[in-house]
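Visitor: Annotation source TrEMBL lists active site, proton acceptor at 351. Under the heading Fe cation binding site, TrEMBL lists 394, 400, 433. Per TrEMBL, the feature homogentisate binding site maps to 409, 433. The domain 'Homogentisate 1,2-dioxygenase N-terminal' annotation in TrEMBL covers 50-338. Residues or ranges marked as domain 'Homogentisate 1,2-dioxygenase C-terminal' by TrEMBL: 340-494. Under the heading region 'Disordered', TrEMBL lists 1-44, 121-140.
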Ligand SMILES: O=C(O)Cc1cc(O)ccc1O
Ligand SMILES: [Fe+2]
């Protein structure tokens, strides 16, 4: 956007006269320019980042050599005058393979903070979801509308629905976000981990553990309780405009996401552990006037927002809580590039169940029954012989929320008003769905050559319990009407006389 009198969400600014009017019309332009400059600086930071590789590892990292204690976690005096603090994402006693905890060596202990007071939840909602009755209908939404100027990632979170109970650490929530401003404040979620799936615009995540860069086509995970703030990087196509960011978030109240077992697939495949990337330590320090890798600017007071048992709470800290100089452990944030997913599929016949596309799973107490699975429909070849190749018609005891990062999805005809990037669909427990009429007709008649499916990137949050919509989702203007019609007009082809 150039220097004309437009506000940050692109609408005309009201006309005034004289100096005041000039100043008023200058302000949005200045704000746009400032955010663009910040976005450019953040992008440069993001593109220069280095990472640690692996999933569920005992990683370790120090931003200052010698900051990490050796031989013990909690020495009498921590090197460099730091404080030692353990952050536990699992009970102390959970099996070693699933135990998640990290040791943080920080400038001030997290305990040094004032009281939290309640803050407005905005458009964020939590389990239990009781604003509407669970709906057996197939539902589909268009992308979220434009946010008001100055909407950061946290304010931009808009809850579609979910299940379980945040206070019992069961279930999940589906959120979408649409933001146009980088966060000044810091956020942490005691209720669950956050799987962020950007659809438009890159993000720089400044976390207690260091910095992560995530773009559409990648996902990021912020573990339960880890503090972070989000800078918007803008999309390449944004040109001179102030950045906006849009995407999806799965808030997982249950067991931390882990890689699925591979069973007969063998020792490799699906999401490979080495492709998950954790940050290296970087910290903010307001005490000596400088930032050290985590260059977020920290002078003065910092608002810290904590999501706890469904509500937002806020406190004004006198220092940045992103002040971890060194850390080691397994409760760490990470990013993953979905295009690295090693897709398995049939090389004979039939369409395999989409569990074969599971990137991450949050298991429940019942073996094989996930609280939530994160599933990706990544580019792949279809070669099945005498096979209806798109997703089949089905009714599923699991509930399926689907989103689209780009392009089209092979069960639904592409195009406006359909299943579009930034939109989503909900097929709740036992609701009948599958290919739309157009897809059914096309795929039933298609010549079965090897076919590359590489014109889209869709994903699914598949969960053991029905997803109950929030009131705002059930009444949203961007809830599509007439979704059922995509299955209307499926012809009767039954010809008993044809039997052999
Ligand atoms: O409903 C969907 O599109 C998701 C899905 C995909 C697939 O390949 C098989 C089953 C399924 O639920
Ligand atoms: Fe499905």
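Positions of Cβ are set from backbone N, Cα and C atoms, glycine also.
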Visitor: Please list the DSSP helix, strand and coil residue counts for the region 'Disordered' (121-140).
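Guide: Across the region 'Disordered' (121-140), the residues distribute as 0 helix, 2 strand, 18 coil.
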Visitor: In this predicted model, what is the average pLDDT of the domain 'Homogentisate 1,2-dioxygenase C-terminal' (340-494)?
Guide: 96
Visitor: Identify which of the recorded positions 351, 394, 433 has its Cβ surrounded by the largest number of other Cβ atoms within 10 Å, counting every protein chain shown.
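Guide: Of the recorded positions 351, 394, 433, the highest Cβ count within 10 Å belongs to 433.
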Visitor: Can you count the other CB atoms that lie within 10 A of the CB of residue 400 (Fe cation binding site)?
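Guide: Step by step: centre on the Cβ of residue 400 (Fe cation binding site), count other Cβ atoms within 10 Å, giving 21.
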Visitor: Near residue 409 (homogentisate binding site), which residues of its own chain have a C-beta under 8 A away, given they sit six or more steps off in sequence?
Guide: 377, 402, 419, 456, 458
Visitor: Could you tell me the C-alpha distance between residue 394 (Fe cation binding site) and the residue listed as 'active site, proton acceptor' in angstrom, no decimals?
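Guide: On Cα coordinates alone, these residues lie 12 Å apart.
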Visitor: Based on a Cβ-to-ligand 2 distance below 6 Å, what subset of the recorded positions 351, 400, 409 would you report?
Guide: 400
Visitor: Hey, for the Fe cation site built from 394, 400, 433, who else sits with CB inside 8 A of the CB center?
Guide: 391, 395, 396, 427, 431, 432, 434
Visitor: Between the Cα atoms of residue 400 (Fe cation binding site) and residue 351 (active site, proton acceptor), what distance do you get, rounded to the nearest Å?
Guide: 18
Visitor: Please state whether DSSP places residue 400 (Fe cation binding site) in a helix, a strand or coil.
Guide: strand
